[in-house]
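A.B. asks: Relevant sequence annotations retrieved from TrEMBL are reproduced here:
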REPEAT    6-93  repeat 'Solcar'
REPEAT    101-214  repeat 'Solcar'
REPEAT    223-312  repeat 'Solcar'
TRANSMEM  12-32  transmembrane segment
Amino acid sequence: MADKQISLPAKLINGGIAGLIGVTCVFPIDLAKTRLQNQQNGQRMYTSMSDCLIKTIRSEGYFGMYRGAAVNLTLVTPEKAIKLAANDFFRHQLSKDGQKLTLLKEMLAGCGAGTCQVIVTTPMEMLKIQLQDAGRIAAQRKILAARGQLSAQGGAQPSVEAPAARRPTATQLTRDLLRSRGIAGLYKGLGATLLRDVPFSMVYFPLFANLNQLGRPASEEKSPFYVSFLAGCVAGSAAAVAVNPCDVVKTRLQSLQRGVNEDTYTGFLDCARKILRHEGPSAFLKGAYCRALVIAPLFGIAQVVYFLGIAESLLGLLQAPQA
């Protein structure tokens, strides 16, 4: 039986709905991931994800965990929509007479989806990382300043939390980047983003499709929603961990502000070499469990919304003929 014609508007709407729900649920873990990946040896502020979240709440309040969320909530709709719709489009184009795609063609479809999404992903990640990491840098600088004062006075070191300083907004960052670097400023780290997102999609989409197929009853057109959810979680976690080294490099490259005595980088290879030399191979796995915890429910939710066809139902109601 031939595949059903793809409804692109429906796929875009489903992707957007899924992205909004998913980001709202997991953004605090994503913030912890960014801060853990950015801290370097000798300047560690946090020992784990839970330690990072606790310190963030204490110093910046509950909403400090959602710093940068507005950027994601604004841009995640087109980003997820492009990714999911592009994968569907390429799978549809690569299929012949409804036959099952080979693994190679599934990977090619994922590659196409990952390449398309970086148009939105790169500036979104660029702005989000600045906002997420601002609290870590402010706290580190205040602690180092307090240590310097106490050393001069010979006093004991007290516990110092992050300052309640004014931090930049996404609008301000965008304006400054466009003024100083042009559109290229928003696309800093594009190569690293491609090296993360293309392999991610090449792993995720084929793995999800095959896991989802395993749970599909013979008499049903679609898998039950819980199968799609679990398949999305497993595939998302596996793909996230697999590309985490590239995510660490991307995060470092896109961070415009550095903490005291932290390395600066000129490009992908320079960053990878310095991380390996100064922090060891394990540094490439920083934030891996946070990223897995972010991606699992994010893509689980996405696939449930996507395969339930919420947008198809809404569009069907709007297009229903009047009695």
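Cβ atoms here come from the backbone N, Cα and C positions, even for glycine.
Small disclaimer: the values here were computed from a predicted structure and weren't measured.
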A.B. asks: Per DSSP, what is the helix/strand/coil residue tally across the repeat 'Solcar' (6-93)?
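C.D. replies: The composition, in the requested order, is 73 helix, 0 strand, 15 coil.
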A.B. asks: For the repeat 'Solcar' (101-214), jot down how many residues DSSP puts in helix, in strand and in coil.
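C.D. replies: Across the repeat 'Solcar' (101-214), the residues distribute as 92 helix, 0 strand, 22 coil.
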A.B. asks: Quick check on the repeat 'Solcar' (223-312): DSSP residue counts for helix, strand, coil, in that order please.
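C.D. replies: Grouping H, G, I as helix and E, B as strand yields 70 helix, 0 strand, 20 coil.
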